[in-house]
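According to Swiss-Prot, the protein has these features:
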SIGNAL    1-36  signal peptide
DOMAIN    96-174  domain 'PDZ'
ACT_SITE  Ser297  active site, charge relay system
ACT_SITE  Glu308  active site, charge relay system
ACT_SITE  Lys322  active site, charge relay system
Amino acid sequence: MKRQLKLFFIVLITAVVASALTLFITGNSSILGQKSASTGDSKFDKLNKAYEQIKSDYYQKTDDDKLVDGAIKGMIQSLDDPYSTYMDQEQAKSFDETISASFEGIGAQVEEKDGEILIVSPIKGSPAEKAGIKPRDQIIKVNGKSVKGMNVNEAVALIRGKKGTKVKLELNRAGVGNIDLSIKRDTIPVETVYSEMKDNNIGEIQITSFSETTAKELTDAIDSLEKKGAKGYILDLRGNPGGLMEQAITMSNLFIDKGKNIMQVEYKNGSKEVMKAEKERKVTKPTVVLVNDGTASAAEIMAAALHESSNVPLIGETTFGKGTVQTAKEYDDGSTVKLTVAKWLTADGEWIHKKGIKPQVKAELPDYAKLPYLDADKTYKSGDTGTNVKVAQKMLKALGYKVKVNSMYDQDFVSVVKQFQKKEKLNETGILTGDTTTKLMIELQKKLSDNDTQMEKAIETLKKEM
């Protein structure tokens, strides 16, 4: 489906998380055929005795379901693996929705790492993206409740909710400090591929995640661009948090010769399974791939495969570095255990976990692209000081205004705000709130859209290949 592309780093004025980061494989994968060693009942004598002791001796009434759920959670937590988790019925339903259909929430992929709940990437066009949420932002509180000690699904359950309702997030961003956001939840669409024809017959294709329909969406996008005369392609995987592994394999095959490696899977016994391109490649025209620190999991599989097996240049920043594979087993009551079952390796056998993939052509965005969102519901005025004032000063400076960045809302800054309001035909109050803040976010978005230095580098690189 054709649609005007939006940059993954858009800063806007509204706001509104989805699911945990995972590289998910479905039941028809050979990985699910791996057998595990059986465990004798004697191994669970201690567990059974503890259960009986709690049932008989605890001073209050107990709930069998809660005890069993707690035991499973404890076993999963003992693995010390942020990608393995136990999901109750509600959490499992939310997880399924994020890879198969639209869902309601704020639209951001999150993970638990070293006891912290972190943003992997906001989903394209989501309230989270519009709010200016960035990869690596740490979630501190949800509606005033600390997420410390929670697993990722517990945190997600707090963040998600019905369309139109709001959730308050307290985030911490490296180099900025704590940020408070009030985000309106919305329906997060399932569409994952967006394409358009750029100048010089360059087909730009943005892939936002890997869901059940992504391979078909990509094929349709390529067919459409081919009919329009595309002579080369830019695949934009920036901010893509991953998803279904088989989709990444199918999509990679479109750009890789039959018989060449796409990826490898390594099991705990050391055996490896090599996934190869099983069909003739579809795209033979020059291609480049854009990546950044929000490119993760299945997106990293595709990026690495195209580079190592088709010599496609990667452009941008070092990727996230998520190199494990999960399966999900559903139980009769609707609960699910999502478990890491293997490592995945690149086509050449490299494990990129916690390291990421370094691009061949480094390209960074302007510093102002990393500025946090300013809440339009809050008021900043003369006499105020602090981080948010400093952010506003940096934004106006990026837009060309002469601003002293000193974190102080002094008379000089009041004058600058009035200049901005006059230019944008707003009431000249010198106060930053409401429509003024909203307009500031929109104007910064426009500047970012016009100064996508990574996309410019991708176009420059592709032209040399064409």
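Glycine too: its Cβ is placed from the backbone N, Cα and C atoms.
What you see is a predicted model, and the numbers here were worked out from it, not measured in a lab.
Shown for the domain 'PDZ' (96-174): DSSP residue counts in helix, strand and coil, namely 17 helix, 31 strand, 31 coil.
Most Cβ neighbours within 10 Å, among the active-site residues Ser297, Glu308, Lys322: Ser297 holds that distinction in the structure as shown.
Geometry remark: Lys322 (active site, charge relay system) versus Ser297 (active site, charge relay system), CA distance 5 Å. On the backbone, the CA of Glu308 (active site, charge relay system) and the CA of Ser297 (active site, charge relay system) stand 16 Å apart.
On the 0 to 100 pLDDT scale, the domain 'PDZ' (96-174) averages 83 in this prediction. In the three-state DSSP scheme, Lys322 (active site, charge relay system) is classed as coil.
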